[in-house]
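> Just passing along the structure, written as structure tokens.
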Amino acid sequence: MTPIQDKSHLDQEKQDAARAALRWVQDGMLVGLGTGSTAAHFIRQLGAKVQAGELRVQATATSLASENLARQLGIPLIEPRRGLRFNLTVDGADEVDPHLHLIKGGGGALLREKIIATASDYLLVIADSSKAVAQLGKFPLPLEVVSFALPWVLDAVAALGGNPVVRMSQQDPDKHAQSDQGNLLVDCHFGALNEVEQLARQLKTIPGIVEHGLFLGLARAALVVQHGQVQVLRPDAAPQAADSFAALP
Ligand SMILES: O=C[C@H](O)[C@H](O)[C@H](O)COP(=O)(O)O
């Protein structure tokens, strides 16, 4: 029998990481808003600051869910336009390794997340203690896939050594899950990922894969709870206590 793991502390850790990220938001910033349960904590905390008149920001969200939440909280939203860059994007992750390579897309928002991350000067990841891993790959790698291409994408992923599973809708388990763009989501089990750059390149060559959930070289820092404390992780550097930073390092 599998032991039941108590994960109730993880939500508190997500809130703590989100609160630490809020300290890095400065008045007047253009902010990218991530997706998922950790990013939602950040959006709520940012919304409270905006409502209190303590911060003025403009934001673009990485999913319809985050956009709706931000709108409800009165965070001013801006549409994509040429030349738009974000000072800071705060987003969660499904896995973070010591190089700050990420697996993202467990919530299906990988495409918009990668677009906004790439349009940002600083991608800051926020995560609970379960997300920091020595090597990526325990969490299946999400792909966003054009529906027509699905059979061939499944063949191509299998040829790369992956076991692809089409994600089903949580509301209706008989239907495929759909991204905000109306595409399908495929979760790929590759096992431990040793050659992430090579895999990212290979996935990019497969027609019908709109985007994959490997985020390589995009995150500048991560605020991750470790041993009960929020730590700042930067690529291949020793963790530092989040309290030692009052601004973007
Ligand atoms: O598509 C979803 C995103 O990549 C999320 O940031 C990721 O799945 C982490 O979500 P959560 O904070 O809920 O664990």
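Any Cβ shown, glycine's included, is placed from N, Cα and C.
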> Just to be sure I read the record right: Thr35, Gly36, Ser37, Thr38, Asp91, Gly92, Ala93, Asp94, Lys104, Gly105, Gly106, Gly107 are listed as binding substrate in TrEMBL. Which of Lys49, Lys131 is listed for the same site?
Lys131
> Have a look around Lys104 (substrate binding site) and count the other CB atoms within 10 A of its CB, chains all included.
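Excluding its own Cβ, Lys104 (substrate binding site) sees 31 Cβ atoms within 10 Å.
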> Can you give me the Cα-Cα distance between Ala93 (substrate binding site) and Glu113 (active site, proton acceptor) in Å, rounded to a whole number?
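Counting only the Cα atoms, the answer is 10 Å.
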> Could you tell me the C-alpha distance between Asp91 (substrate binding site) and Glu113 (active site, proton acceptor) in angstrom, no decimals?
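Asp91 (substrate binding site) and Glu113 (active site, proton acceptor) have their Cα atoms 8 Å apart.
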> Near Lys131 (substrate binding site), which residues of its chain come within a Cβ-Cβ distance under 8 Å, counting only those 6 or more away in sequence?
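The answer is Gly92, Ala93, Asp94, Glu95, Val96, Val224.
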